[in-house]
Amino acid sequence: MTTAQFICLSLGSNLGNRFEIFRKAFALLKELEIEDLQSSIILETKALLLPGSPKEWDLPFFNSVLIGKTTLSPKQLLSGVKQIERRLGRDVNALPWSPRVLDIDILLYGDENHQQEDVKIPHERITERPFLLSLIASLCPTRIFHKPGSEYHLKSFGEIAHLLPCPQEMILNSFSPNTLLMGVVNVTDNSISDEGLYLEASKAVAHAEKLFAQGASVIDFGGQATNPKVQQLLNVEQEWSRLEPVLKLLAEKWAGRRQYPDISLDTFYPEIIKRALEIYPIRWINDVSGGSKEMAEIARDANLLLVINHSCSLPPRPDKTLAFTTCASDQLLSWGEKQIEAFVALGLRQDQIIFDPGIGFGTTQIQALNVLHKMKKFRKLGCATLVGHSRKSCFSLLGKYDAKDRDWETVSLSVLLQQQGVNYLRVHDVEANQRVLSAAAWSGVHV
C-alpha cells in the first residue's frame, strides 16, 4: 500500500473572477486524489514582471498556498495540476510572465528533492517569493525545508519566513478563501440602510467598483426594496426602469475587463432576468421569493446560479412567520430539500442552486439568530449556501442601533458563519467583512 505524502501547492491567478477560479480549482484538486486539503488565506499582490513587460500585464495576482496528502507520484501530481489549469482556461501558448487564469505550482512533496527537467521540488523560486513563505508558515510553521546546498536547508518555514519577511508594500489585500462575499448595491429609494444613495446608474456602478476592489466576488444589484417598511411592491416596468440604465452602463464600462466579479440581480420577476441577459452577461439570480418554476427554467437554460431565498411573505409581515412549535432551522431544511428536489427535476443542476435561509423573511428576530448559529445543518442539502445577515433587524436584540450602524454585529456573525462552512455572505460593508474573515482564516481552512 502506497503511503500518502505531504504536499504543498501554490495557486495564482490574475485574470477573470479570481475568487471563483480558486473555488473551482479547490474542487478539482480534491477530485485529484488529494486528501485533507487546506488553504491559506488569499493574498493579493502586485504582479511580478520582467523589465520592459507590456503595461497591460500589470494586473494584481491572487495567491494562496494549499497543503494536503496524496498517493500520487510527483509526475502524476504535475500532470494532474496541469490538466486542471487547462480545464479552467489557462492558455498554454501564452507568453511567460503574461497574465493567466490559473497557475498551480508544486512547492513541496514530502521531504524529497526532485530535480528533474520537468519536476523541480522544492520549487526553485520558493525562497524568492516571501509572500508564499509567509503563507506556508501560516499553515505549517514547524515543517522543515529540505534542500541541500541552500542556506535555509533544515530550517523551519516559520524561521525562514521570519528571515525573509514579506515587504508590506507587496501585499495589496488579503481575503478569505472559503467564504466569499456578495456586495449589495440597492438601486432603490426605500432601502433601510442606504436609501436613495445609488438610484443613479453612475453612482450604482461606482459603488460596485468600490465593492469589487474591496474583495466582493459577486455584486448583487436590486431595484426593489423588500423590507418590512415597504407598503407596495414595484411592478416589472418600474423595477426595470431602475435596473436597465445600470446594466447598460455596466456593459459600456466593463466590456473587455480582464478582472471582474460575477453580477447578480436581486429580483423575483423572470421577465427582468430575460431582459437583463440581452444587455449584460449576469451570472446569478437572487430570488427572494424562493424561486419559481419559470425562474428555475431560465437559470437552467442560461446556465445561471439561482439563489433560493426562503420567505413567508413579500414584503415581510410580522404575522407571517415560521411556526413556533418546531425548530426554525428544521423547517427551513425541509423547505430547502423540497425546493431543490423540484428544481433538479426540472433539469437544474444541484451545483447551480444556492440555498439562503432568508434571514428576516419570515423568521422572527429570535428565530433568525438561532438559524445563524445552526447554519452547519444545511450542508445536508448538498448545495452551496448563502446568508444575508448584514444589518438585519435581529441585531436589535443586542442593542438599539440604526441599520447602518449594525456592522459590528454583522462581522462578528460573519466569522461564525465562516466557521460553519457557509459559502457566500451577502453584505453591505465588504471591506470590514473581508478583513475580519481573512484574519480569522489565517491558520488555514479546509476547502
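We number each residue from 1, going along the chain as drawn.
The backbone N, Cα and C atoms fix where each Cβ goes, glycine too.
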Completion exercise
Which of Asp189, Asp301, Asp319, Asp356 shares the (7,8-dihydropterin-6-yl)methyl diphosphate site with Thr226, Asp266, Asn286, Lys392, Arg426, Val427, His428 in Swiss-Prot? The record says Asp356
Practice task
Quick one: pull the CA-CA distance for Lys392 ((7,8-dihydropterin-6-yl)methyl diphosphate binding site) versus Asn186 (Mg(2+) binding site), whole Å only.
Solution key: 15
Exercise for the section: Out of Asp266, Asp356, give me whichever of these binding-site residues has the highest number of other Cβ atoms within 10 Å. Expected result: Asp266
Completion exercise
Asn186 (Mg(2+) binding site) has its Cβ surrounded, within 10 angstroms, by a count of other Cβ atoms equal to 27
Fill in the blank from the handout: CA pair Thr226 ((7,8-dihydropterin-6-yl)methyl diphosphate binding site) / Asn186 (Mg(2+) binding site), Å rounded to integer, equals 11
Handout entry: Chain-internal residues, separated by at least six, CB under 8 A from His428 ((7,8-dihydropterin-6-yl)methyl diphosphate binding site)
Key = Gly183, Val184, Ser193, Asp194, Ser390, Arg391, Asp407, Thr410
Fill in the blank from the handout: For Val427 ((7,8-dihydropterin-6-yl)methyl diphosphate binding site), the number of neighbouring Cβ atoms whose distance to its own Cβ is within 10 Å equals 26
